[in-house]
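K.L.:
What TrEMBL shows for this protein is this:
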TRANSMEM  36-56  transmembrane segment
DOMAIN    84-128  domain 'Homeobox'
DNA_BIND  86-129  DNA-binding region
DOMAIN    131-332  domain 'TLC'
TRANSMEM  140-160  transmembrane segment
TRANSMEM  180-199  transmembrane segment
TRANSMEM  261-283  transmembrane segment
TRANSMEM  303-324  transmembrane segment
REGION    344-389  region 'Disordered'
Amino acid sequence: MAGLSAWFWNERFWLPHNVTWADLENPAPGVEYPKAGHLFTALPLALGIFVVRILFERFIAGPCARSLHIHQGAGRRAQPNAVLEKVFTSITKNPDSRHLDGLSKQLDWEVRKVQRWFRHRRNQDKPSTHTKFCESMWRFTFYLCIFTYGFQFLWQSPWMWDTRHCWYGYPYQAMTPGLYHYYVTELAFYWSLMFSQFTDIKRKDFLIMFIHHLATVSLISFSYVNNMARVGSLVLCVHDASDFLLEAAKMTNYAKYQRLCDFLFIVFSVAFFITRLVIYPIWVLNSTMFESWAIVGPYPSWWLFNVLLLVLQVLHIIWSYLIARIAIKAILRGKVGNDVRSDIESSSEDESASPTQGFKTSPHPCKGENGTNGHCASAKARAQNHNSW
């Protein structure tokens, strides 16, 4: 065990040349350097954030949803059928044409009726619009608060105006209380997301988002341990700048304010493009790759940190492309289109809609539960989190 610990905390990986852990153990009086043990504070704080979220959704977000006439109404339920229920629970929740034909003959139902039953049965266990609104309102509130705090803190920090201050004197840079609180709160929030993901709305990209949260926690922790928290705070602020706009767009969608939803999504898209495709590479990557090279010089953890940030930029480009497609459709068709991450399936193809209505919107007009359009709620969620690291 001691050998494994020594290998993991190898000074030549974590620290620049001619710097040891011993050099950082005894700072001057009143000066505190980052230590790995500080990160354990985020775990009880994450639990506290999770509890605050439960109380917030129950006593604040819930009444707000009801005031907007978003109620916890039960959606359309599938009629009881023992044969189909057995297939649904033990074989498949989304039968192919072969299964549909067999069930149609066995029950003497039309194939379309069997498809409709499975669609209703899948949607039966999905969360209500009320639940999704409360979840988005919590995220909106946290993202807005943490961005406001982070921006105010960075406004008074010299490295916001001259990113070379991220590297002057590195790694002998004091961890100030403001920077520590900002970093630990962000870390605790993403830990809480990992906890709550098992109770939140289950989406198709559950595993991807879990890996994303895990990668975010790892990157924040990594940058704290090797005292890259200054440039890390810039990364956090850049990513928080558009997240609350996304959640605001989703909230207005659930409340059926379609025009406001589309407007907010366009604003979010512009903010996302500016922060992720302009500010992030010019402001952050330029500092971590070139300014740090000139002032500090490369070393193993420096290479790893920059590789991770470059991978993040690749993801920004992919997400920007997907968001741009949705934004263009919103402009051309007058509303934001649906997305494969949608957690409520379309049932409109089973309704008696006229062909003319179909051409006015899209070949397969989609409506979510409780009559909402179901577009902002999930189509734009792909950007989240990614929102984040």
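Cβ coordinates are placed from backbone N, Cα and C, and glycine is handled just like the others.
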K.L.:
Count up the helix, strand and coil residues in the domain 'Homeobox' (84-128) according to DSSP, in that order.
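P.N.:
Secondary-structure composition of the domain 'Homeobox' (84-128): 32 helix, 0 strand, 13 coil.
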K.L.:
Suppose I define contact as three or more CB-CB distances under 8 A, residues 6 or more apart in sequence; do the transmembrane segment (261-283) and the transmembrane segment (303-324) meet it?
P.N.:
yes
K.L.:
Average the pLDDT scores across the domain 'Homeobox' (84-128) and report the rounded value.
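P.N.:
Over the domain 'Homeobox' (84-128), the predicted model scores a mean pLDDT of 86.
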